[in-house]
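Colleague: Structure below; questions to follow.
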Amino acid sequence: MTLAEVPIGGECTVVKLTGDGAVKRRIMDMGITRGTRVTVIKVAPLGDPLELAVRGYELSLRKADAATIEVSQ
Amino acid sequence: MAITIALAGNPNCGKTTLFNQLTGSNGYVGNWPGVTVEKLEAPWRKNKDVVITDLPGIYSLSPYSPEEVVSRDHLVKDRPSAVIDLVDVTNLERNLYLTTQVLECGLPTVVGLNMCDLLEKSGDQLDVDALSSELGCPVVKGSALRSQGLDQLMGTAESLATTGRTGRAPRVFSPRVEKAIQETADVLKPHLSAGQPERWFAIKAFEGDEKALDTLGLPAASLAAIGTIRAGVEAELDDDAESIITTERYDWIEGVMRRCVVKAPKALTTSEKIDRVVTNRILGLPIFVCVMVLVYYLAVSTVGTWGTDWANDGLFGDGWFLSPAAAQSYEEAQGAYDDEDYGTVVDEYLAAADAAGVDTDGVAEAIESGDAARVQAFAEAASAAGVTVPDAPLHDADGNFLDSEGNVVLTDAEDDPLLSDGQTLAYHDTIDAEAFLAAANAEEPIPGEYGVYVPGVPVVVEGWLDDAGASELVKSLVLDGIVGGVGSILGFVPQMIVLFLLLCFLEDCGYMSRVAFVMDRAFRRFGLSGKSFIPLLVSSGCGVPGIMATKTIENDRDRRMTVMLTTMIPCGAKTPIIALLMGVLIGGTEGWWIAPFFYFLGLAAVIVSAIMLKKTKPFAGEPAPFVMELPAYHLPALKSYLLHVWERVWAFIRKAGTIIFVACVGVWFLSNFGVAGWDSGSGAFGFLPEMADAPENYMNWSMLAGVGNAIAWIFAPLGFGTWQAAACSLSALIAKENLVSTFGVLFGLGEVGEGSALLWATFAQMFTVGGTLSLGAMLAFVAFNMLDAPCFAAIGTIRRQMADTKWFWAAIAYQCGFGWVVGLIINQLWELFALGNFGFWTVVAILCLAGIIIQLFRPMPRATEKPARQEA
């Protein structure tokens, strides 16, 4: 499954990043790398983007980008 | 030689606070050459030989954002004497990611741990010595906000800089990758010059970072060798090199965290509690709306406007009262004086006396100068001749007739009042000599008698010029050109201060990133960022702070687009133009729906433009990544916060002193100099107000009129190809409301307000051809002036915000072009449907409209440029 499918409040572990180029690098620079624990805290009032907790801080990511991150629960 | 120390760190790690503490905040703000990233440089307060450079806040030294490129170029090419890497200990894991990269640059580096006080509060424990030996460099604890540990931090940095001692960058990668990096380094070694950090280049080469490789100019054989090394590791670890490097950095940091930090059991922090409410799925939007309404209310409709009114009417106007009570009693007295309508009484009586054969020569001047004897003599003569005026109609301050209810009575083109059913004019009862004397001797309230009255800058300057015996020419240049022009722009400063007090607070406390979080979805649709909302909102008050507010948009493309489009929202100065149009169309300026309607049209223009531009090459490509930290909420430090506000306001004031100054003097010159009777007469060139035979509305002879004539053809397809219309549009560049006053002057109406029915009639006449009001041309004229390049103040701000000449001209060209096309479509379609005219321009207009519609609805073109990276 991908990070975009994780329910709100759910926790998961990153398996693989399937995106490419600058966006993938940016996501990884922000600490989402293979094996990272990620919690989906909430979704914005209009339904996108997501708010995640990763490596002890909060990060916001669009669902489209979250869909490029494969995770396991 | 001077020591240079670079300050590196993540966004929100307290770098700016530290910089301000160290330098005493007299930082020089500039841009890094070629990019719009700000550069701050200042000497250390305690030793002026040490210069500190504040690098932009970044998360990584990747080659993908201008901030990151600027920072790594500074570290790798400019080679500062030492680096302070500031780390937010409350977010240690991600902050250390940048640290590992900074250490590879091979510079003397000290790691400063910031916000240690917050760490203690949370109960976490950090072993500083262990961290220092892991990183291989000195680590200093402190808190920038509380000025703790700063001397030790700077002392360490200074001694590192003088000794030039670099630690050994930690070996953060797995043995397999370290081996590949060593192999890469061996390939690179012959091509590196002294001072180029070997490990940094080796890692970048291994990652396939083209920007870094380009600087080395490697031969093809070396590139191929590095490609082979990279391909081997990529195949072995089943990932691309860049991802391997990133993943292994974080893996190493996780190890460091385990060895150096003891985490206390985690409770919900205050920041998390606030965020649960503020960005709540249900409450999020209402709270957002409340915050925005508050910003708008304070900055645009109340405090900010008071400030701007004070600056425009007081400081750069006639003057102002120190005490509000004095101002109020003066206003009451002035209101009572105006209600008596003395001017009409005097004028009507003089006219009647003149008609009755009584000598009125010099009476008006005698009233003006207070020559009571002459006025008295006239009154006696008139009284003896039995002059009385029956039923003189009442006027308001704009010169309109009033009906008995106090409403404006509309006049037709011949200036005769048109009464609607049941409406009757308001009259003065019979004016006799006594009433005339009372009116002539009535004194207008003098402000100085109501309290301490401070004269405005123009009044003071005029006094100086008079004392110095300056000529009319100099007075006009200084008062109308410089004080008037620059003053009207500096008048925005109080409003900008209020606005930035609010915006900088929202930004510094962490809410601004939540704004983007909440609004992202709505604005992404139009190719804008969630952060574009604030500039658009502010621009409905004034475009200048609106453009300045785009500063918070990090993405270059989004920011440029917002700068380009935000002034299409009608600002306060455009409301007189709207009022003028509404006066013609509906015979009044009242109507609750007018302002919202025009804001809606402005917003529609922004959205249409954004969707169209998004599909053009400069704005095309992948949507900007929205991978954004939501920093913890915190109260900003007062000093940093105020400095933040001041920096933004000062940047604007400086602009008013340069580009705007020149532009204002230019337009003053164009409108006051000209050729005498260029349409008929003698042809002498000179300063028109002093020219002997110049008509009262001398602007008809001015170069502005000449320029208007020369460019009028441009507007012919829009239906208003007269030089007056062109000249009005030009003078609107100083300030949009000038369009109305220039219009009044050009048509010999004097200084009339937009509420004058006479002005409405004249305005309608300008667009009347053969007895029919050309509605299309009038709407086109208004639409063009709403959408084209904004006033000089805003243009100057666009220039500053774009920080790029090409982009600046592109923005101005787009605004004028879009305004012109919209005007063309309005006028041509009106002519087609209302008059049945069909011609060349009708075809052009239809093609333009079709082009806009196609551009709006065609699918997003595929991005032609691939991301910079290419696999070797």
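The backbone N, Cα and C atoms fix where each Cβ goes, glycine too.
Curation does not apply to TrEMBL; its annotations are automatic.
Sharing the features that TrEMBL gives for it:
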type     : residues  : note
DOMAIN   : B:2-163   : domain 'FeoB-type G'
TRANSMEM : B:282-300 : transmembrane segment
TRANSMEM : B:482-506 : transmembrane segment
TRANSMEM : B:563-586 : transmembrane segment
TRANSMEM : B:592-613 : transmembrane segment
TRANSMEM : B:658-678 : transmembrane segment
TRANSMEM : B:698-718 : transmembrane segment
TRANSMEM : B:775-795 : transmembrane segment
TRANSMEM : B:807-826 : transmembrane segment
TRANSMEM : B:838-857 : transmembrane segment
Colleague: Could you name the stretch, out of B:282-300, B:592-613, B:698-718, B:775-795, with the greatest number of CB pairs under 8 A to the transmembrane segment (B:838-857)?
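Modeller: That would be B:592-613.
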Colleague: Return the stretch with the most CB pairs under 8 A relative to the transmembrane segment (B:563-586), choosing among B:482-506, B:592-613, B:775-795, B:807-826.
Modeller: B:592-613
Colleague: Ranking B:282-300, B:592-613, B:807-826 by Cβ pairs under 8 Å to the transmembrane segment (B:482-506), which is first?
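Modeller: It is B:282-300, which has the most Cβ pairs under 8 Å.
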Colleague: Residue list, the transmembrane segment (B:807-826) vs rest of chain: Cβ under 8 Å, 6 or more residues beyond ends.
Modeller: 560, 563-564, 567-568, 605, 609, 613, 618, 714-715, 717-718, 776, 779-781, 783-790, 795, 798-799, 841, 844-845, 848-849, 852
Colleague: Quick one: average pLDDT across the domain 'FeoB-type G' (B:2-163), no decimals.
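Modeller: Within the domain 'FeoB-type G' (B:2-163), the model's average pLDDT equals 86.
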